[in-house]
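Participant: Sharing a structure below in C-alpha cells format, with a few things to ask.
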Amino acid sequence: MAAPWQDVLRDAAAVREAAAVAVDAALLAGVLMRTGEQPNASDVVNYAPFTLLPSAVPRALFEQAYAVQQDFNLLVDAISQNKEFLEQTLASTIKVDDFTARLFRIYMQVLEEGLAQTVFLGINRSDYMFDCGLDGAAALRQIEINTIAASFGGLTSRTADVHKLVLKVLGKSEEASHLLPNNPAKGLALGIAKAWELYGSQRAVVMFLVENIQRNIFDQRCVEIELWNRNIRVIRKRFRDVFEQGSLDGCRRLYMDGQEVAVVYYREGYVPQTYDQQNWEARLLLERSRAVKCPDIATQLAGTKKVQQELSRPGTLEKLLPGHPQAIARIRATFAGLYSLDEGEEGDRMAATAIADPDRFVLKPQREGGGNNLYGEELRQVLEKIKDSPERTSYILMDKIKPQPALNYLLRAHSPLQVSECISELGIFGVYVRQGRELVLNQAAGHLLRTKAIEHADGGVAAGVAVLDTPYLV
C-alpha cells in the first residue's frame, strides 16, 4: 500500500525544503491550534500537527467507507428512538459506570416529562482502520462511531491544499492533481443550518457548547464561519454559562442572556471530568428544552461502546433496521470482532481468553475522546484485577486491528524532523436531520485521515498523538 513517493523519503535535502514550505502553507491555510501554554489565547498560535506527505489509502476501502455512512446515520437515528433497546443494552453498564448512568437518568427523566424537541440533528464520525490479513489483503474495520463532538472537520477541510503544494514542490504535480476535494466544515454547517431552519425562528441563534480550555477553537471556527456566511447568528457558551444564564419559558424554549437558542451544538460533554453538579443541572436544562440538541442525550448513548458491541450480535441490526437488508449487509461488513464482558458464562470465557492472549484484543471503556483504551500487558493486568468483579461490565473487548505500517514524516511544532513508521485511521463524517418521524437530510459530509507513529497504541490529534493527514487513493 505504498504511495508513489517513497523515493522522496530518502532525499534529506528535498524533505527539509518541503517541510519548511509545508509549515508555512499550513499557517497560511489556517491549519492552526492554540498553544498548550496559552490554550485560551489566539494571539500566539501554531500549526496543528500534520504529515509531510499524504498517506496511501486503498480506493476500494475508501469508497466502501463512504458508501456505508448513510446506513450508519440511519442506524444511529434508529437506536436513539428505541428506548427498549437502550434500556436493555445499557442495563449492566449503568450499574457500574456512573457517567453512563447519569446520562441515562437524564434520558429517562426527559422521556417521562415528554420530549419538547421535534427536530433532531446528528453529526457523527465513523472511524476505521485497514486490517491487513494473513494474505496481505486489507479490509475496512470500524473502530467506533463518535456521536458527540466529532472534531477536526474544520481543519481537515484545509489540509489537502497544503499536501497539494508539498507534492508540487517535490515534483509530483500529476499526483497532486489526484488529491480529492474535502470540506466537512461545509457539510456539518449544512446540517446545523437545516436544523436551525426547521426550528422555525429567524431570530434564534445557534449555540456552540464549548470547553473551558479551547485549544482547538479554529477547527470549530471553520464551521462557525460557514454559519455566519448563511446569516445565522452563533454564540459560544460553556456549561457554567448555561447554569448561570440559561432559562426555559412556558413552551420550553431555551434562552441564553435573553436570546432564543434554536440549536445546541456540543463540542463538550463527552467525558466525566466535564461534569460537576452545576454542569449536570445545566445538561438537564438543555435536554428538557425545545432546542435542537446535537446530539440529544439518546444519540450520545447510542454512541457508547456497549451499544457498539451489542450491534455485532446476530439479529440485532435486523431488529433495529427492519426492511433494510442491504444497509445491514454493508454495516456488518465493517465490523471487527466485538465481545461482551457482562457477568455470566460468555463474559467469563472472554475475560479468560483475553488474559491468556492480551495482544489479540483491545479493552475499551465507555469513553470518548481518545487515550482511554488498554492494550497488551496493561489490558491483562486490568482484566486480572476486575475479572471477578461487576466492574468488568463497564468495558467491552474488541479484536485488535493490525494495519500495514508505512513511512512518513510527522510535522509537529518544536519537534525534530524524522521519519516514522506510521499507521492511519480514516473517519467519515455523517450528517442527518429528522423532523418528527421524517428524515429530511441524510448524507456523508467529508472525511478525516489521522496518522500516528506505530509506537503509540491509542489517542487522536487532540490527545497529541495522531496528526492530520490526506488520503492518496491507490
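Keep in mind that glycine also has a Cβ here, set from the backbone N, Cα and C atoms.
Curation does not apply to TrEMBL; its annotations are automatic.
Got these off TrEMBL a minute ago, pasting:
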| type | residues | note |
| --- | --- | --- |
| BINDING | ARG125, 148-151, 214-216, GLN220, 267-270, ARG450, 461-462 | substrate binding site |
| BINDING | GLU144, ASN146, GLU368 | Mg(2+) binding site |
| BINDING | GLU144, LYS305, 364-373, TYR375, 398-401, GLU425, LYS452, ASP458 | ATP binding site |
| DOMAIN | 204-302 | domain 'Glutathione synthase substrate-binding' |
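Help me picture these features in the structure, burial and contacts included.
Facilitator: Within its own chain, GLU368 (Mg(2+) binding site) has ASN146, ILE148, ALA149, TYR270, VAL271, GLY303 as residues 6 or more apart in sequence whose C-beta sits under 8 angstroms from its own.
Residues near PRO365 (ATP binding site) in space but far in sequence (CB under 8 A, at least 6 apart, same chain), listed by position: ASP97, LYS305, ASN372, ASN373, SER394, TYR395.
Averaged over the domain 'Glutathione synthase substrate-binding' (204-302), the predicted model has a pLDDT of 97.
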Participant: Just going by other Cβ atoms within 10 Å, which of the binding-site residues TYR270, TYR375 has the emptiest spot?
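Facilitator: Candidates: the binding-site residues TYR270, TYR375. Fewest Cβ atoms within 10 Å: TYR375.
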Participant: Quick check on the binding-site residues: of ARG125, LYS400, LYS452, whose CB has the lowest count of neighbouring CB atoms inside 10 Å?
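Facilitator: The binding-site residues ARG125, LYS400, LYS452 were compared, and LYS400 has the fewest Cβ atoms within 10 Å.
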Participant: With TYR375 (ATP binding site) as the reference Cα, tell me which of the binding-site residues ARG125, GLU144, ARG215, GLN220, GLU268 is the closest one.
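Facilitator: Checking each of ARG125, GLU144, ARG215, GLN220, GLU268 against TYR375 (ATP binding site), the shortest Cα distance is to GLU144.
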Participant: Whole-number answer please: how many Å between the C-alpha atoms of LYS452 (ATP binding site) and SER151 (substrate binding site)?
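Facilitator: About 17 Å separate the Cα atoms of these two residues.
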